[in-house]
Amino acid sequence: MPMPMMALSTKMVMPNIFVAALPSSLARIYHLLSQPVHASTLGLFRMLFSICMMWQALKFADVFYDLRRTKMVFPYAGLDFSPPCAPQTGEFLLSVNFIAGLMVMCGACTRIATVVLFATFAYIFHITEENHNNHYILICHVTFVASFLDWGRWGSVDALVAAWLERRRRRGGGRTTQNGIRTTSVVPYWNLLLMQLLFTIPYFYGAIAKCNHDWLLRAEPPTMWFSRRAETDLDSPLLFAYKTAWYPWFVAWGGMLFDLTISFILFSRPLKLPLGLPGVLLFNCMNKVMFNIGVFPVAMLASYTLFAQPETPAVCAWIVKKHILGMEDAADTFPYVGPRWHSFWLVPLPPDAYASAKKKQHLRTEEVVDAEAAAAAAAAAEVAAMTTNDGEDKSSPTTQLSLRGAFVLVFLAGFATFHFLGPLRHFVLYPPGVSWHEEGHLGAWHMMLRSKHGDVMIDFLEDGAAPPPPPPPMAAASHRKHKHVHAPAHRVFISEDRFLNTRQRRKLITKPHTVLLYVQHMSRIYREAGRNLTGAYARSCYCLNARAPAKMFVETTNLLDWAYRYEYVWPFGERSGVLVGAGGGGFLTPLPPVHSPGGRDACSIDALGGYSYDHVRQEVTMSPTHMQIHAAAGLQFEGEEVKHVTSDQFSTPKAATSSSLVMSFCQESLPVFSSSSMWTLQL
């Protein structure tokens, strides 16, 4: 064949070979991930995790009571399609969530109970960002993935029912064992692998998040936290450590190194017990004592059970049953022969590796292998040729990928893409300083890495009003303490808005995008009051991790121009709200330097916006404008609850308003409050 023709033939054949080899490779990956492993570690984790879920349901008991004392909620970016419910309905959902957790713990109707557990918790969590915590995101991920798993096959009511049905099939001559054990007690390996990955991702990406200037080179914010606790937390068992200079550096560097290595240690068979167990215990117990971050440390401790050999809890139960309780129906030997595992990593070997390893051993020793190796080889042949525990026929060639196998691989690929790339998006899509502007912060596992305090003052302008004048220089601020300052018709310190509850005010003044949500909501309040809001300008001053104080919001930017445009991935929205360069657009300033240039601070909380903080705060607190606008919109603060007292569409007797607060999504609400991102509490 001439050389050009040969080259052309090679180009035509190579893609065909690749396409033909792809299904075979995917089928081999699927068969590797579908090897049956014992379900006991997954079952034990299910019981422990469900206890954490019931504990969390009790901690959520006051969520809807807090919502009675506010005019709005703060939905997550892109999740404003999830409508709030009435407080009575929310309290009912909390009860359903607790019962679902109890059912999952007992393993009764496990699959259905897990779906209900995920749906109720995710809904309650996504109603408002004021309840945000990183471990709530982890709980949503775990319960969602568990809805697709068979984690109720051991230590559950479902397993007892399955064992009873199995005995009936045995009497009928049906096949009841696989790989040396009842088919009701094994799960595909990918079930266990997904749970293991879910609990190592926060560790590993937490280490990546800790690799920043403040944490590693300044030991901030631990230095700031512990110096305060040395004076206030006098009963803490770590008081002696808080008073030392080295302890913040130990927490910073030790935490980063632990997070970076623990994932690999837990997957290491020789190291997970001598290093992994004490490390996990020490790290999570210290987190609980130092930061008291809810159920997260307890759930991470429970996740250690996932990294034991899959049959370990079942073996312990068999030993108790056979040798301690002396039960006669216990088998003489533990009836399970699992797949061969890698000598170092906690991953099973491919099924075809059993036969090759067996053949090499036979040629080397020329002896009859022992019974255990023979059983493992027979199990491997059975796995490769017959069936898995979920009933899929494998009598067809392994080069064929079934529809179920394709679905599993697509699900695993989506899982890996979301969890492995999502936490890194702020490195690509947004400017540096995620702890400052918080774009890309959600779900990136930046845990306990920032301490931000300050306040923001917003000037609301109506038709015909000019933008507020530029603030006077910092040096002139002290001379304006007792002078009347130029102010628009409506000026608000968010930290003083009585129509927000305490938790909302605390979250709102530190999260830039929630300030946008507040401005969006105020524009609806103005429209319902018959007034036209044309501008909202923020004056702010914040300190991040003991850095120099700086203005977070660009004072010349109208925040109404950024409504509904925040943290949507380009090109579907603005790429970033951070001001980059002198000619760039944005409403947020870049990350401030550690020290003020020239030793002069850019702002002062005591002289916010260049004016006397105390004087303006007193002026705002005494001004009736804020109350008048809300009253004209039909909202009034009575006692501890926000009441909707007037409505042209739905008139409710005032005597009946004490117990029936509902969100504006409900039919009793005003149309102005039901749009897009905000809802209010009304009657």
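Positions of Cβ are set from backbone N, Cα and C atoms, glycine also.
A TrEMBL annotation is a machine prediction, not a hand-curated record.
Keep in mind that this is a model prediction, so the values were computed, not measured.
Annotated features in TrEMBL:
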- 34-312: domain 'HTTM-like' (DOMAIN)
- 43-65: transmembrane segment (TRANSMEM)
- 98-124: transmembrane segment (TRANSMEM)
- 136-165: transmembrane segment (TRANSMEM)
- 186-205: transmembrane segment (TRANSMEM)
- 246-268: transmembrane segment (TRANSMEM)
- 289-307: transmembrane segment (TRANSMEM)
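For the transmembrane segment (246-268), the residues of the chain that approach it from at least six positions outside its boundaries are 196, 200, 203-204, 206-207, 210-211, 215-216, 219, 222-223, 225-226, 275-276, 279-280, 283, 290, 304, 307, 344-347, judged by C-beta separation under 8 angstroms. Across the residues of the domain 'HTTM-like' (34-312), the predicted structure has a mean pLDDT of 90.
When each of 43-65, 98-124, 136-165, 186-205 is checked for Cβ pairs under 8 Å to the transmembrane segment (289-307), 43-65 comes out on top.
If you count C-beta pairs under 8 angstroms between the transmembrane segment (186-205) and each of 43-65, 98-124, 136-165, the highest count goes to 136-165.
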